Amino acid sequence: METFLGIDYPTWWFIIIGFLITGYAILDGFDFGAGAWHLFFDKKKERRVALNAIGPVWDGNEAWLVIGGAGIFAGFPLMYAELFSAMNTPFMLFLTFIIFRAVAIEVRGKEDSDRWRNTWDTVYSVCSIVLPVLLGVVIANVLQGLPLDENFQYTGGALFTFLTPYALLVGVMTLLLFMVHGGLYLLLKTHGDMHHRIEKRINYAYLGFLVVFTAVAIYSMLTPHLAENIANSTALKVFPALLLLSILSVAFFMRKKTIKRLLWVLFSPSFSLWW
């Protein structure tokens, strides 16, 4: 097999695609997290502050996923064909919620009506909750494996086949991770009572994430091919320790100054989604 800098090309493609997915998680993760907290805020001032916080950065991050999809097509064409065919329904749901979320952000302030704003606030927050769950479900099914026949044709169902206990756990874990991520970002953009309330709520999300993450880690170790991959790779043996360190240090960074908190906001999801 041909190599570049001593690394074979499939591994290079894996690194590139992983980098793109990680970039998406970092840049869109705090948007989703901020949106998931949205309905917990005061209906007028605090919700406006939260939307203003993500206003300059929420749009266009899906380009990372588009380029990642192109990377899968270029590096693993057979996987691309079967993955996008098998997961057509989850991907269409993901696209639908992305569209409605963008619409909600754009039209929320078009009418001076509490009912109008509350309706679109609900749409925005629900979409921001569902999207990380869908992303986690897709990632979990890729890790767990899809049912294929001897001709590599997908043999599962359109939607409920993907909703395994493991996939749902990873989906909830992704949501809680993004809620911590988004909450930390909002801490950089708020002050006063709103700032203190967000800080308290992040603690609950973080504890919930630790519980679900532990369940996912145990489940993963009991999944034969995932456990074998870690056992047979020196790099993968080192990574769980780095991952655990990154997760446990969230509590430390939440209590530090703004610049340190900002660095953790940027890099905490990358460790978790690489896992």
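Glycine is no exception: its Cβ is also placed from the backbone N, Cα and C atoms.
Worth saying up front: this structure is predicted, and the values here are computed from it rather than measured.
Copied over from TrEMBL, here are the features:
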TRANSMEM  12-41  transmembrane segment
TRANSMEM  86-103  transmembrane segment
TRANSMEM  123-146  transmembrane segment
TRANSMEM  166-188  transmembrane segment
TRANSMEM  204-222  transmembrane segment
TRANSMEM  234-254  transmembrane segment
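Long-range contacts of the transmembrane segment (204-222) within the same chain: residues 143, 165-166, 169-170, 172-173, 176-177, 179-180, 183, 240, 247, 250-251, 254, 272, each at least 6 residues beyond the stretch ends and with a Cβ under 8 Å from a Cβ of the stretch. Sequence-distant contacts of the transmembrane segment (123-146), counting only residues of its own chain at least 6 positions beyond either end whose CB sits under 8 Å from a CB of the stretch, comprise 29, 31-39, 82-83, 86-87, 90-91, 93-94, 97-98, 100-101, 103-105, 108, 154, 156, 162-164, 166-175, 177-178, 220, 223, 225-226, 273.
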